[in-house]
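Pasting in a structure now, in C-alpha cells, and then I'll have a few things to ask.
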Amino acid sequence: MSTETWNLFVAWAQLLLLFRISPQYVNAKPCPSVCRCDGGFIYCNDRDLTSIPSGIPDDATTLYLQNNQINNAGIPSDLRGLDKVERIYLYRNSLDEFPINLPKNVKELHLQENNIRTITYDALSQIPSIEELHLDDNSVSAVSIEDGAFRDNIFLRLLFLSRNHLSTIPWGLPRTIEELRLDDNRISTIAEISLQDLTNLKRLVLDGNLLNNNGLGERVFMNLINLTELSLVRNSLTSPPANLPGTNLRKLYLQENHMNYVPPNAFADLTQLYRLDMSNNNITALPQGIFDDLDNLTQLFLRNNPWYCGCKMKWVRDWLQSLPSKVNVRGLMCQAPERVRGMTIKDLNKELFDCKDRIGSNTIHVTTTVLNSLLPAQGQWPVPVTKQPEIRPPDINKIFRTTPIPVKKIITIQVKSITTETIYISWKVALPMTALRLSWQLGHSPVFGSITETIVTGDRTEYLLTALEPESPYRICMVPMETGNIYLSDETPVCIETETAPLKMYNPTTTLNREQEKEPYKNSSLPLAAIIGGAVALVAITLLALVCWYVHRNGSLFSRNCAYSKGRRRKDDYAEAGTKKDNSILEIRETSFPMIPINSDPISKEEFIIHTIFPPNGVSLYKNSHSESSSNRSYRDSGIPDSDHSHS
C-alpha cells in the first residue's frame, strides 16, 4: 500500500470517528451550578439543598446528596432516567417516606438518619436491582412495612435497620439476604417463620433488644445453615439460645445478658465456632465438658461473671492447663469462696477447691417431706415477680419442718453467707428429677416481699445468689419437679431463712480483680499520709515567712541609705522620656529660682524664657540630638527609661 493511499485512509477514519462521537459532545449536559462533577461522581452534599438539582449528567454513576435538607417532594421525576447511577447517598436529610423516582438500576442506597416511617412495595419495586439498603436511624416500625414489600428485590444482600422502632422481624424478607442488622430496636419475640427462608444469611445482629428465652422460638435459628456470626448482646437471655446452627457458625456473642445457667449441651456440634463471648452475665459455674465439641475454639471471653470456684469448677482448671497456647481464655477469676477470691482458676491447686467438704461449719440444714401428687408446671425460665416487701427481724436459726407424712422424696438444703451480697446454696435430692424451682425473697414472710424465681436442672446441686442486700434477712425456698415436668401436689416448698453477712465482717471490695482488692489497704495509709503532708506544709510556710521577714528587713535598711528612690512616682518616667508633659518638674519659687529678664526692655505678656531644672548629676530631663548617643539610660520596650538608672 502506497503512502498516499495510507494517508487517505487515515483521514477518512478520523472523519468518520469525528462524526460518530460528535453527537455525544453536543448532547452532553453541564454539571449543575450548585454541584461539583468529577467524571461519574456528582458531589452535591453539604449545601443545604431542599431538592435534588436538575440537569445531572447522563453519565453519572454515584450521587453524593448527604447532609442536606432534601424532602420527598424534592426528588424530581427526571432522576429516574439516569440509568447509569448505581450508588446514591441520601443520609441526613428530611425524608419521611421511602423515596420514589430513584434510578431503576441503583444497587446501593444510603438513607440513614432521616425520619422514614413507611416502606411500601410501590417504592421498593422501582429499584429491583438494589443490593445494599441502609435504613439505620429512622422511624420504621413493624406495622409500617407493607406485607411483601421486598418481594421484588431478589438481589438484596445487605439490609440494615438498626435503631428503628421494630418490635418483630419484618416478614417476607428475600432469601438472598446475607447480612441483617436489627440492633437497638424493640424486638421482644422472634417467630420461627421470621427467619426460616433466610438460608443464605451469614451475619445476624440483634444487639440491644428485649429478647428473652421465652421470646425465641425453639427452632428459630435452625434453618440458618450458612450463618457464621450471631450477636445477641444486651438482651435478657437467662441461658444461651437452644438449637444453634452448628454447620458454619464461627462467632457467637452473648455478653451483657442475664444468663445464670449454661446447659451441658448449649454448644453441642458447634465444631466451627472459634470465638465465644459470655462476658458480663451472672454465671457462677460451667458444666463439665461444655466445650468438648468446640474443636476450633481460639477465643473465649468470660469476664465479669461471679465465678464460684467450688469443687464443680475443678475440671475447668484441668481443662485450662491442657489447652494449647493458641487458645486465648480471659475472665475466669474467682469471686467466691472468700479464700480464693481474686485468684484465677488456672492458678488454683486442687486443695483450694475443697472437694471433700464444700460447705462450711456455719451451714444450716433443713429437711422436709413432700407429697407425690402433681400439679401443672410453669415456664422453664419464669419472669421474676415483685411484690411490696414487708421485712421482719431476721431469725437465721429458725428451721422449718413439715408434718411427718408418708415419705416419697427428701430434699436437704444447706446455705452459707459467702459475702455481704452473696449466699451459697447447695442441696441433695433422694431421687432424680428433671428440675427444681428455686426462689428467694427479702424478708421472712411467705406472702409479702420481693420474690425472685428461677428453674435449675436436676443435675445441679448448688447455686450462688448474688446482688443481695447486705445484712438483710432472706427466705429461700425450693420446689421439686417430677420427670413429667410438673410440680408436686401441694407445692409444699423446702424453705430456709438466713441473712447476708454484715458489712463489717467482709472486705468492701466485690470486684474480681486483684488490683481493686488492694484499694482498701491503700485507704488505711491515708491518715499517715495526711499527717506527713501537713508537717511538710507547716515547715514550708515557716521557711517562707522567715524569707519574707529577712527581705523586708534588708529592704528597709536599703531604703534608708538610698533616699533618692523613696517616693518616686511612676509618671516621672514618662516626664523623663519626653512622652508626657509634667508641670510639677517646673517649679517657680521666689527664693530658689527667680525669673530674670534678658534685657531691661519691658517684657510682654507672652514672652518668657523658662530655665529648665537639671538634676544634680547633670543628666538632662529631655532628649536632644547631642546627648542621645552618650546617655547611659536604659529603656524598656515602650521607650520609657528604666527606673533603676534614672534619678530625680
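Note that Cβ sites are derived from N, Cα and C of the backbone, with glycine treated the same way.
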Among Asn226, Asn296, find the residue to which Swiss-Prot assigns the annotation N-linked glycosylation site.
Asn226
Can you sort out which of Cys35, Cys37 is the disulfide partner Swiss-Prot gives for Cys44?
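Cross-referencing Swiss-Prot, the cysteine bonded to Cys44 turns out to be Cys35.
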Could you tell me which of Cys309, Cys311, Cys477 is bonded to Cys334 by a disulfide, according to Swiss-Prot?
Cys309
Closest of the recorded positions to Cys31 (disulfide bond), Cα to Cα, picking from Asn226, Cys309, Cys334?
Asn226
Would you mind giving the whole-number mean pLDDT across the repeat 'LRR 3' (107-126)?
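The average pLDDT of the model in the repeat 'LRR 3' (107-126) works out to 94.
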Considering Cα atoms only, can you say which of Cys35, Cys37, Cys44, Asn226 is the nearest neighbour of Cys309 (disulfide bond) among these recorded positions?
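Closest by Cα distance to Cys309 (disulfide bond) among the recorded positions Cys35, Cys37, Cys44, Asn226: Asn226.
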How many Å separate the Cα atoms of Cys44 (disulfide bond) and Asn226 (N-linked glycosylation site)?
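Each residue's Cα considered, Cys44 (disulfide bond) and Asn226 (N-linked glycosylation site) end up 40 Å apart.
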So what's near the repeat 'LRR 1' (58-82) in sequence-distant terms, Cβ-Cβ under 8 Å and 6+ beyond its ends?
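For the repeat 'LRR 1' (58-82), the sequence-distant neighbours (Cβ-Cβ under 8 Å, at least 6 residues beyond its ends) are 28-29, 37, 39-52, 88-97, 99-104, 110, 126.
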If I take the alpha carbons of Asn226 (N-linked glycosylation site) and Cys334 (disulfide bond), what is the distance between them in whole Å?
37
Quick check on the repeat 'LRR 3' (107-126): DSSP residue counts for helix, strand, coil, in that order please.
5 helix, 5 strand, 10 coil
